[in-house]
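In what follows, a single structure is set out as structure tokens and then discussed.
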Amino acid sequence: MGKSDHLKLFGKKSGGKDARSPETRSRNSRSSTDNRSSIGNNGSDNPLARLSDLDLEEGVDDDADFDWDTLPLPPSDAQSLDNPFNSGEALPSFRRRGGPTSNDAIERDAVDTIRDTSGAYEEPDSASDGEDVGMNDEYQRKRERLVDVNDSASEVSSPRRESREGKNVRFHTETDDINPEDPIAAPAANTEAGTGTNENGEASSSGMKSSINVDDEEGSETSSSNNENKLDHFKKFFRRGSVQNKPDGGEDGAEKGMKSMKDDDNDDEKEGGGGFFSKVIQNIKDANNGLAPGLRNVNLHPEADPEKNSVQEAEVDGDDIQLVDFNSVAKGLVKNYSSLPQSAHHQKEPAILEGDTMYSPSTPSSSPGPESFVAAPMDDYDFDQVDSDGEDSDLDPFVGAQTYVPPPQRVRGGVLGSLLKMYQNEDVSDSFSTASSIGEEPAKPSKPLLDPHFSKGKIPTAGSLLHVPSSAASHLKKNAQQLAGGAHNLATKHYPGRKNEEASGSNSELPSFKNTRPKKNKKHLPKFKKKMAAEAKITVHIADLLQRHRFILRMCKGLMMYGAPTHRLEEYMIMTSRVLEIDGQFLYLPGCMIVSFGDATTRTSEVQLVRCAQGLNLWKLHQVHSIYKQVVHDTMSASEGNILMDKVLQDRNLVPSWVCVLLYGFCSAMVTPYAFGGDWVNLAVSFFIGTCVGALQFIVSARSNMYSNVFEISASIVVSFVGRAFGSIGGSKICFGAVTQGSLALILPGYIILCGALELQSRNLVAGSVRMFYAIIYSLFLSFGITLGAALFGWMYKNATNETNCPYPISPWYRFLFVPAFTIGISLINQAHWIQLPVMVTISCTGYVVTYYSGKHFKNSTEFTASLAAFVIGIMGNLYSRVWKGLAVSAMLPAIFVQVPSGVASQSSLLSGLQSANELIKTNSTKGGDAMPGASDLSGSLSFGITMIQVSIGITVGLFGSSLIVYPFGKKSTGLFSL
């Protein structure tokens, strides 16, 4: 290694050349090898072993004469590569330790490094700077004094050298002081820390991994003489290190001295990472590093290039471009922003509360401050996606009438999800300043203050909000490196003619923020219109969704109030929700329907409870069914269906209450001859008693809730008491059994038990069990009332009649008159329209014919007779629905009501109460208590309920059988409105 190589190693930018001969250079190289071997064994041979920083400052002049050739040269490259640890050679250690001893050791290591890494010294010009040369004599005396302490030096140097083995030395300098275009300084700056190679790829003298970055401040300014003092360079180097350790930092506090790599990292953390970004910027400016700016492009074993070496020794002239201290600029920005008045970035009355994190730049009161945030919208909704023509719209009509309505692939979201979609960006729309007139376009959204997350008008996602600090000052500190990294490039781009401007104390380096309203931009108009169209579309979607929910609830209420088949209510609701694309679930209980509307967007559900008093209104049931079919087949919208449903619900009944009272008496008179064998006289009595029952039900019970709870018991008591009283009149031919049963026929629980049996048959266990049990208890109430009324009159009148059968029945041919009359009467009581009467009468008469003749053939078989009649009724009703598109339920119910009294009359179950009453009277009048009425009383009380169950089971089996024949695969588009 020659002198020129050592000069390049220390970053010397001079144009001088080595004037020595090759023989001299070879001799110096061999001398350096011998001297280094002696230095490794004995530290006393080092003339600078005890030289301290203070001694250098006091005894060495910047221009003192010194013979650089007297110092030994480092070993050759071949020796260092073959034996890296030759003669105890070790790297210096700069690990900080506490106390003066540690500082002295660091200084001694630095001086030894000068000795180990330096080449032949040259004697500088003593008069170059014009200072006193007498300091050289004092320096020589100090050297002689230091030689006398060889013993102590050897004791200290040996362990010290051992501790330096394996340590890395880094002479850190400011990267800004190195000109990347300098062919001499740039290779030194590009040398990677820890590689142990110089710019030519040769191994260093120690053979270990080390990074030696030499700082030569004067070489970048101008070309100097070849007699530059290198000892003065290291003197300044050590002075910077000592000044930097002071608390105030000194004048050269911005510069960095010789320190360890650990301390260098600590300083980078104190500066907020500015050193790291400066290194990244400098690496980008240096050699082409590709996509890894943190790694230097250094070849460990490049080939020697003579032309490159000659270029590196050339003199480079030019002025340094004084760079801006970006850290100080960033700190100044933070300081200036923090010193703004409170009203500049805070509201007097803060509008940014919990849940309201948006701000509108169009109003000064909502300007962004340190505490203002911009909340991210929901990621699962995109306004651009709503208006795309390629996707299906929520308002697209459902495909027309189909034979089958499968479960929808996509259902409409709930109201809550739609509201969230509509209002999630409500404040974002405020960021567009509203136009002051109709012809103005919305203004461009203003960008928040110094916030890179909000660039290009974008709103940060929820993940980026986690990194937003709580104040603008801390946010600026966090982004100071990014701001500083682009400051120099922006200044160079916009002001290429500026050179050597003052960076400190100048407000020109601070960015200016115009306090003006942004200009309007026409390019945001389509986006604004698009967003307004999306909001309008969501509004229409919400309105339509509410209409569909309301239609389902209105439909459910109408079906329950007007007597739809309870075992098919859930099926009707499911079909309706499928057609309307509503995620609905339904659970029916007697008198109550639980409706749940699901919302897949928010994973929530809206539960509605529909409760109403179940009744029977055949005409309104027909109207509700007509509306249902039109909506399901998509010939009517849900909003139009709601209008019609409201009209149906608000309409008055076709038959008023007082007419129903008279019809009650008429039906009682009509049912007495053909069902219970009464004669013509019994018709008048049954009419009178039936009218009383109708008055109790339609007038008294409707006005008193308390009485409605005991209506059945009170009516049975009154009918039994009055009927036995009329039957006890001598010679009147009034039949007690026919009058009593005919008057109570309209309040028999036939329909209730029928609905319960149908529900149980259709696997609706909850509703069917409840209704069936209620029907049994209801029958027991009636039986108890008949018994109590008959017993009361028997106690009052000793000669009360006990006859249960009429001795004078009417001819059976008159039944062809009474059955249609009873059908018309019961249909009018149940609010049937006159256009429905012909079908009802036809089906009812057909059913009774089957009952009459089957009863003649199968005696004492109530279940079988009712089953055959119900089967025929079901066949005719379902054919009417399938062929003539009518409502099967309304046509079949009057015929079923005709079957129930006939079945009950065949068993004479109502008169079991009379037998119980007679037993009670006989028991009280008997002395000695021989009678045992327990068994007969128990059988008489339960016989009526058992008879009702038998009739209902027979009707249920017949109805299901008829539905299976007419609709073997069921109705697919709509539910089967049949019993």
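Placement of Cβ uses the backbone N, Cα and C atoms for every residue, glycine included.
Range with Swiss-Prot annotation region 'Disordered', chosen from 432-451, 452-471, 912-931, is 432-451. Note: the stretches the transmembrane segment (832-852) and the transmembrane segment (946-966) are not in contact (fewer than 3 CB pairs below 8 A, sequence gap of 6 or more).
Using the rule of three or more Cβ pairs under 8 Å, pairs at least 6 apart in sequence, the transmembrane segment (886-906) is in contact with the transmembrane segment (658-678). Counting same-chain residues at least six beyond the ends of the transmembrane segment (710-730), those with a Cβ under 8 angstroms from any Cβ of the stretch are 685, 689, 692-693, 696-697, 700-701, 736-737, 739-740, 743-744, 747, 778, 781-790, 792-794, 797, 799-801, 803, 913-914.
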